[in-house]
Amino acid sequence: MDSVEEEGVVRVEEENGRGGLRRHRRVSTKLANYVDPPTDDEEDGGPKRKGKRGGNRAPKKTPKKDEEMQKNEIDEANRVTGLVKEKRAATKILNRKDSIIEVGEASGSMPKEVKGIRIGKRKGEIDGEIPTKPGKKPKTTVDPRIIGYRPDNMCHQCQKSDRIVERCQTCNSKRYCHPCLDTWYPLIAKEDVAKKCMFCSSTCNCRACLRLDTKLKGINSNLIVSEEEKVQASKFILQSLLPHLKGINDEQVAEKEVEAKIYGLKFEEVRPQDAKAFPDERLYCDICKTSIYDLHRNCKSCSFDICLSCCLEIRNGKALACKEDVSWNYINRGLEYEHGQEGKVIEKPANKLDDKLKDKLDGKPDDKPKGKPKGRPKGKPDDKPKGKLKGKQDDKPDDKPDEKPVNTDHMKYPSLWKANEAGIITCCCGAGELVLKRLLPDGWISELVNRVEKTAEAGELLNLPETVLERCPCSNSDRHIDIDSCNLLKAACREGSEDNYLYSPSVWDVQQDDLKHFQHHWVKGEPVIVRNVLEATSGLSWEPMVMHRACRQISHVQHGSLKDVVAVDCLDFCEVKVNLHEFFTGYTDGRYDRMGWPLVLKLKDWPPAKVFKDNLPRHAEEFLCSLPLKHYTHPVNGPLNLAVKLPQNCLKPDMGPKTYVASGFAQELGRGDSVTKLHCDMSDAVNILTHISEVPNMQPGIGNLKKKHAEQDLKELYSSVANKEEMMEILENSRQQVQNVETDDGALWDIFRREDIPKLESYIEKHHKEFRHLYCCPVSQVVHPIHDQNFYLTRYHIMKLKEEYGIEPWTFNQKLGDAVLIPVGCPHQVRNLKSCNKVALDFVSPENVSECLRLTKQYRLLPPNHFAKEDKLGVKKMIVHAVDKALRDLSGEKSPEPEEKKQNMRGPKKGAAKAVAKALKDLSPSEKKSSEAAEEEISNGIVNAIDKGLKDLPPSEEKSSEAKVEISNGIVSAMDKDLEHISSSEKKSTEEEGVKRPNIVRTYERRKKLGSEVTNAYIDRLEMEKM
């Protein structure tokens, strides 16, 4: 047979509707001869083939092709192969040489190597549009007529290459396709993108850029504080905190005097025991839930801790914080009742959060549970143990403590707590008296008070009245408010009052002005509104869907899944489980329940604080850039933010930032409004409106539901009103009024003055039955009018409040980009006029510490099962460390390097032996003990820890590596605690710096008879380091 060997064929196929090349073999450079010579095989069907299954079988006959058709197929295959090679060569050259191929050009800026590529006829083929078989739809390609066209047209946002793109002329490397520009950057013109793309402007919101945790050029959220500013801030802090520090010290001195009286000791001889708690533990009183910062009393048997305030109350005859759990009886009657109908009681337990939302949308309310209430409607006590919370804040809830169960009956009944005539408090568990213990070095707070008083006597403190009581720049020459000032906003109409106007500067005014103007208003407890803070940022999008894309994780070991979240339904204030994408769809387009009422959902603290910083580093950086008055608000190094003064290894409260995402409507609905109910924050706060979206108009049938709501309110809430027709008209009219909402308005704020709180609480207690809360049930009782967070005052109640008590709040609209600074102690409520995304951050200013202490006293008197009971701020601990930090800044003393976090005694980690050497090595001469006896005492304590560790080990484990680690950890714990709590009277000089380590070694040598390999190895390590 005279045929040429066939080496390969190039085939052009369409797979799944997409054109592409699939090469089976390398194409032969020889000319293939497809003319079949005449053979005898044609007659009998060709030669037989052998196979495993079919044995000898004949191949299928194929129709013969004429010579011209075969030749055309070979030419086409060779043409396509050459086309692919040309495209690859062109792409490599273009990627190497930054040249632009103009349409129709074959010279000029085009590289020589690709001049042979025909841009005209085959321009589509170069970009990947390969000729396909007849009848097949060709693949969509990029329009080659775009100026700056290149073969590489992959969009930076979506990573697709089959779309029309805009190429950046600044970096000449990034491209954005038109669909992405229309979807994610609708406010940016395509011509502007071509001049300078979003990547170059640091506003790109693709997932990769949003998760970029490196510093970007031109964006710096750090606050640079000069030494002079540090000194001035320290003087201001000491002047503000000295009275509070004295109060803390007096409280401790009084308890020490009681201790001296009980045991017949002199005051100087009182030595409270070390509580052996670690810096990253959070210890609070088991009775009043107040944070314990230093001195407290403890039961050795049941591990009960009691703060000094509770000790004083018990000795006075009654523990005021010992109260019974409160019960709120809110009954679930279904969605029909929530919209004015009778409804029927649903007795099934709320097992699934997602059932409630499904019921509202699908319409099966009677046979499914209604969801989980946000509060505690049945009044049952928490399932959580009532004992103290020790350990890290991020401990898993499944971790079981080693402590024995504690009998908590004595927490509820004050009569069980008693003290004898001497002042000894006996624990109700029957184990004996409570022991006085400490967390800080003995006498440290008294020493701080003495140092601050000496500094004040030397005239080194900043005189507070001179800085804030000068004439405000907002006032005119007659010392009256200049109402024509552009930095003032009228927010109230109180007669005879000069605080109807709020200070509202722009972000640029705040940056150019000093802090005195702000302090003038802030020290009076007035909120401040800083306008257009987003102008100081790069312009990164805060649209919730953009943030959702950055946080979205289908499956990730570290981050987990964030597809489903728990939201709050603003109609009945119950928690529901909702898909995050569906939630954001309702955020922009609006959603309605099966009865036609707006379904308003609210996300609080989404994403969680840890995810916000990890998955949204760009947004976290952007938020820090937008913060106004950074000396007060910066969460890392704000010199006047007391929250940053805590030691690095200390457990810090969660101060944010936190996001609040919710849909909203301009019209006040009366029920189901997107509101944050009346409350007081535990500290100062700054709230920035970062994004708004207007929801389309409501459905027409909503008016009928409003009328049913008003009839139900008249029947259940206002049954005692004489003129019911007039009241009915008032209710309907109040819900028909639409707030005057401008384009950039987002939220309506009502902030009450501190001096108006007694009248506000009196009004709520008087009219509390006119409000609804869980399941739209009337509020039956009031524990605390503000801390219950059960009330939102509508425009009707705001009007009635002014008529009856003569008070009114500051009321204003928060616009897009406005930052509202709320002083602690000012009750406030918020209603969203549009769908809003707000980001909030807490901080503690020196001026408002007294209000933080006042709120702490109120929290401790709430019932044990009240959600606001626990003191999460720990302001007294903050005061002590802030004073210490300020004194060190004034004296020029550098802050000590943070110790490695000590682990819990029950489960110490490995590598602790190295921590011992480092802790001893880093000690300054002033921190060494001054006597041989003190050294001997510490050494004996360390060796005793070794002895105990060895005795507790089984014989088989004495020489194991695990045993060595556990004993070393015990050594570290004992040594660290002894070194940490060295009193000021036992300091030693520089010459005695090297005494400690040799004494420890000698003590080990005397006890070497144990013969443990662990002890020998540790002694050798100590001798080799020779500190």
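Backbone N, Cα and C atoms are what each Cβ position is placed from, and that goes for glycine too.
Features reported for this protein in Swiss-Prot:
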type	residues	note
REGION	1-74	region 'Disordered'
COMPBIAS	8-17	compositional bias 'Basic and acidic residues'
MOTIF	48-55	motif 'Nuclear localization signal 1'
COMPBIAS	48-63	compositional bias 'Basic residues'
COMPBIAS	64-74	compositional bias 'Basic and acidic residues'
MOTIF	121-128	motif 'Nuclear localization signal 2'
ZN_FING	155-201	zinc finger
BINDING	CYS155, CYS158, CYS177, CYS180	Zn(2+) 1 binding site
BINDING	CYS168, CYS171, CYS197, CYS200	Zn(2+) 2 binding site
ZN_FING	280-310	zinc finger
BINDING	CYS285, CYS288, CYS302, CYS310	Zn(2+) 3 binding site
COMPBIAS	346-370	compositional bias 'Basic and acidic residues'
REGION	346-410	region 'Disordered'
COMPBIAS	379-410	compositional bias 'Basic and acidic residues'
DOMAIN	635-860	domain 'JmjC'
COMPBIAS	889-903	compositional bias 'Basic and acidic residues'
REGION	889-1000	region 'Disordered'
COMPBIAS	919-932	compositional bias 'Basic and acidic residues'
COMPBIAS	948-965	compositional bias 'Basic and acidic residues'
COMPBIAS	975-996	compositional bias 'Basic and acidic residues'
MOTIF	995-1002	motif 'Nuclear localization signal 3'
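Positions of Swiss-Prot features highlighted on the structure.
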residue: CYS155; record: Zn(2+) 1 binding site; contacts (Cβ under 8 Å, 6+ apart): SER161, ARG163, VAL165, ARG175, TYR176, CYS177, CYS180
residue: CYS158; record: Zn(2+) 1 binding site; contacts (Cβ under 8 Å, 6+ apart): CYS177, PRO179, CYS180, CYS206
residue: CYS168; record: Zn(2+) 2 binding site; contacts (Cβ under 8 Å, 6+ apart): LYS174, ARG175, TYR176, VAL193, ALA194, LYS195, LYS196, CYS197, PHE199, CYS200
residue: CYS171; record: Zn(2+) 2 binding site; contacts (Cβ under 8 Å, 6+ apart): CYS197, PHE199, CYS200
residue: CYS310; record: Zn(2+) 3 binding site; contacts (Cβ under 8 Å, 6+ apart): CYS285, ILE287, CYS288, ALA319, ALA321
Zn(2+) 1 site shell beyond CYS155, CYS158, CYS177, CYS180, criterion: Cβ within 8 Å of Cβ centroid: HIS156, GLN157, GLN159, LYS160, ARG163, VAL165, ARG175, TYR176, HIS178, PRO179, LEU181
In three-state DSSP terms, the structure that CYS310 (Zn(2+) 3 binding site) belongs to: helix
Secondary structure of CYS180 (Zn(2+) 1 binding site) (DSSP, helix/strand/coil): helix
Binding-site residues compared (CYS177, CYS180, CYS200, CYS285, CYS288) - highest count of Cβ atoms within 10 Å: CYS288
For the domain 'JmjC' (635-860), the mean pLDDT of the predicted model: 88
Most crowded position, judged by CB atoms within 10 A, among CYS197, CYS302 as binding-site residues: CYS197
Structural state of CYS158 (Zn(2+) 1 binding site), classified by DSSP into three states: coil
Shell of the Zn(2+) 2 site beyond CYS168, CYS171, CYS197, CYS200, same chain only (C-beta within 8 angstroms of their C-beta centre): GLN169, THR170, ASN172, SER173, LYS174, LYS196, MET198, PHE199, SER201
